[in-house]
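> From TrEMBL, here are the annotated features:
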type    : residues         : note
BINDING : H376, H380, E399 : Zn(2+) binding site
DOMAIN  : 77-267           : domain 'Aminopeptidase N-like N-terminal'
DOMAIN  : 304-500          : domain 'Peptidase M1 membrane alanine aminopeptidase'
DOMAIN  : 586-911          : domain 'ERAP1-like C-terminal'
REGION  : 40-66            : region 'Disordered'
SITE    : Y465             : site 'Transition state stabilizer'
Amino acid sequence: MGKGFFISKVVAVVCVVVAISAVATIIALSVVYAQEKSKNQETPTTATTAGPGTQTTTPSTPKEPWQRYRLPDSLSPISYNVTLWPRLTPNTDGLYIFSGYSTVLFTCVKETDLILIHSNKLNFTMFDGYHAQLKAVDGASAPQLKKSWLEVPTQYLVIQLSSPLQAGSTYELFTEFVGELADDLGGFYRSEYDEDGVRKILATTQMQPTDARKAFPCFDEPAMKAVFHMTLIHPHGTVALSNSMNYDGLNLIQTSFGPTEIMSTYLLAFVVCDFGFIQSDLGANVLIRIWARKKAIEEGQGAYALEKTGPILSFFEKYYKIPYPLKKSDQIALPDFSAGAMENWGLITYRETALLYNPAVSSNGDKEWVATVISHELAHMWFGNLVTTKWWNDLWLNEGFATYVSYLGANYAEPDWNMSDLIVLNEIIGVMAVDALASSHPLSSKEADVMRPEDINALFDSITYSKGAAVLRMLSSFITEEVFSNGLNVSTVNSTYKAVDNAGIQLPHSVEVIMNRWILQMGFPVVTIDTKTGKISQKHFLLNPDSVVDWFVPITWIKTGAAKDQYWLLTKEGKIYYMTTGDGDWLIANIDMKGFYRVNYDSENWDRILTKLSTQHQDIPVINRAQIIDDAFNLARAKIVSTTLALSTTRFLNTELEYMPWQTATRNLDYFVLMFDRSEVYGPMQGYINKKVTPLFKHFEELTANWTKIPEKHTDQYNQVNALSWGCSTGVDGCKELTTAWFKEWMDNPDNNKISPNLRTTVYCSAIAEGGAVEWDFAWKMYKSATIASEAEKLLYALSCTKQPWLLNRYLEYCLDPTMIRKQDATFTINYIAGNPIGQPLAWDFIRANWAHIFNDYGGGSMSFGRLISGVTKRFSSEFEYKQLLQFKEDNINQLGSAASSFEQALERTKANMDWVALNKELVFDWFTSEISGTQMYF
């Protein structure tokens, strides 16, 4: 068993054995870096008898155990018995509260006279002057309590004892407490919604990563697994749900639940609501229930989730070779939820947009999102829940694995969607832009670097999720997916090695040695191939050219369309004579972007690739057509190739009909729009894009019988949106007239929206941009009355498209009023507004003026907080904006929370933007001008 993992004892011992083998591939990756990190691990804390310090904040070098953010290793929980009573009406002070009591059974592992247990924002009932009661189990005597207090900075209840707890003995700690059932989206919180004109309140949870301690006192670390016995007291007319099945039916006063499996505190969940549900057929091996607002259930919005959950569960049972270990899988859509979803074992919680689907209103993108999120969360039932990382510094093992296999599960559920290819667009291309920054971070961190809750929250980023998925996809590619999955299925810790050996796969090093380079180092290489000499080299992309790091890089490649044997680049450079090319030959490496690296070529090979794109682009695999565009643009930003070369990779788009190349070009040209939409470059740039998109617009006009039919192919439905969006924004004849007419028809008959669900985001945005207050107010009214969250989300975005500054300012003010815009949507809405060139300076002024309020009330530690800074500053490209950002950071240095790293990235990105604009503005202007005039410039 590799260091850094704890395995739950679930179902039977045989499942434990198989569970260990089921992550052997991942364990193999962790062996070496765990050993390298071990010298940096903190020495386990031994509890002491010293009294509390007088300081109110944790010192930089903690002297006492309660001043450290990690629990000592002296106690180990066995089980919790927790009873909670949420009040769904406010008290006389206007507050919503919950009360409860808890008994935790724990074993003393090392003799100690100190009990530390996490607690945050709980008010305790005192017993003879102490916060808790302690007793021994099995007739032994418990030491007397000496002193107790709440250590607020590190979120502990501290209990000092008059004599030590004995190693090997078992004890019970009882507490009684009251907490606020706030609307802060963390811990045990409340959510509100309107149904048939009635305001409804429900109580729900979000524990990950460190908020179980807000619901009851607990040993709130992922390795501190235990069994949970939950009881919920709730009003008449409501139901109570938790991870396990209830004991005694839906009692209208009190519902108790069976014991959970042994699991981490962050996976605990409970809900009190008056929702409806649909369920799987009686007699099924696993009871599947989809819970949501009664009206949503009545409208059939949960049907798609119910249809796909069973097949995806079955897929993962076969994939992991382990039966789903629980009797039921409840999935519930919550009106207010901070994340996309949460993998609570047996009770998965979702945003409504991630679980509910209505074919009459929802787009194909909405449907894909539901399928992939369900698949992601169900993947966690094994990897993450059954097998859990010891500490949050290796979060990538949990989330990266779930992200990668979620595409396999979704591909199984919807085989016509080609999800195994869409991972390139959805995960890999985007995260490569982030990982190219000097302010990026390795997949794995030292435990000592991830201590505070805000440090933990900061790890929930695209590196953890998307790069984690990308390097695992690369691993499955070079050992083959069959061997990768076999490595998960055999029954020893050495399964990966045996699977590789049995398949006869020759690797230059062991799996963990190869992958160690990708896990412990931030960034990735750019591989340069000179087809004249066969020289091949690598260097750290976008970083110091003197960097000494390198990778073990699997090079897959084709020459003039023919696949060649994989080559391993193990050093800084090498020479491969069979990579030389003759006249008319062309070479492309990193086939289907299975490797996490970029590729550069000599100028002659680039020229031959561009010629092939312009004449017979179908000869190049579609993913590689997207890759060529993305690599070229990013190489240009790194000043490795010219910007005109990057722009030249888009010339063939007037003959391209596939979604992936168009979407990749869109993302890269969006950067040019961000940098130049306030300058003279914007006009000729729009003219060029208009020339390229007009044939695509005409293609879909014909394919859909003048926009009256939906394309059959999943990716064609996406590319139809590109055609319409670029067509309207660049002035393709008839586009704006089309969208405004559709929108006006809806305004004339609000109860009958005939706009295709796939096109609604684009149509709404275009019409609101062309309109004024009347159109905006109509869309706002439709947003407030929307009964499905995906439709509300489309309108929420479209409302940011107006060109009227006063409407944008009013919209910003709505963001801080939860009765107008839900807290879960506030930061996204501000970012939407900042994406509008008119709204960007308004949004920047707004968050500076309201930062304290946003930080305190909208989650300085939340996972979306860093995205707010990134979104509002992504257009920054001047010295003035850089100084403003730097000053803002310095003025709020103690109120950055989980956004601290995002500020560093924003500063770095702004500097890079400044340099890039200064270097390229004139050149880009000339290039676009020559293209629309018919006189091409060459690189």
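Placement of Cβ uses the backbone N, Cα and C atoms for every residue, glycine included.
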> Neighbour count, 10 Å Cβ-Cβ cut-off, for H380 (Zn(2+) binding site): what number do you get?
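A 10 Å sphere around the Cβ of H380 (Zn(2+) binding site) contains 26 other Cβ atoms.
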> Quick check for the class: what is the C-alpha distance, in angstrom and rounded, between H380 (Zn(2+) binding site) and Y465 (site 'Transition state stabilizer')?
13
> When you average the Cβ positions of H376, H380, E399 for the Zn(2+) site, which other residues in that chain have a Cβ within 8 Å of that mean position?
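After dropping the recorded site residues, what remains is E343, E377, A379, F383, G384, N398, F401, A402, T403, S406, Y465.
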> State the mean pLDDT for the domain 'Aminopeptidase N-like N-terminal' (77-267).
94
> Between E399 (Zn(2+) binding site) and Y465 (site 'Transition state stabilizer'), what is the CA-CA distance rounded to a whole number of Å?
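Answer for this pair: 5 Å between alpha carbons.
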> Within its own chain, what residues at least 6 apart in sequence put their Cβ under 8 Å from the Cβ of H376 (Zn(2+) binding site), listed in sequence order?
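A341, E343, A402, T403, S406 - these are the non-local Cβ neighbours of H376 (Zn(2+) binding site), listed in sequence order.
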> Looking at Cβ-Cβ distances, which residues of the chain lie under 8 angstroms from Y465 (site 'Transition state stabilizer') while being 6 or more apart from it?
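Set apart from Y465 (site 'Transition state stabilizer') by at least 6 residues yet with Cβ under 8 Å, we have W396, E399, G400, T403, E427, V431.
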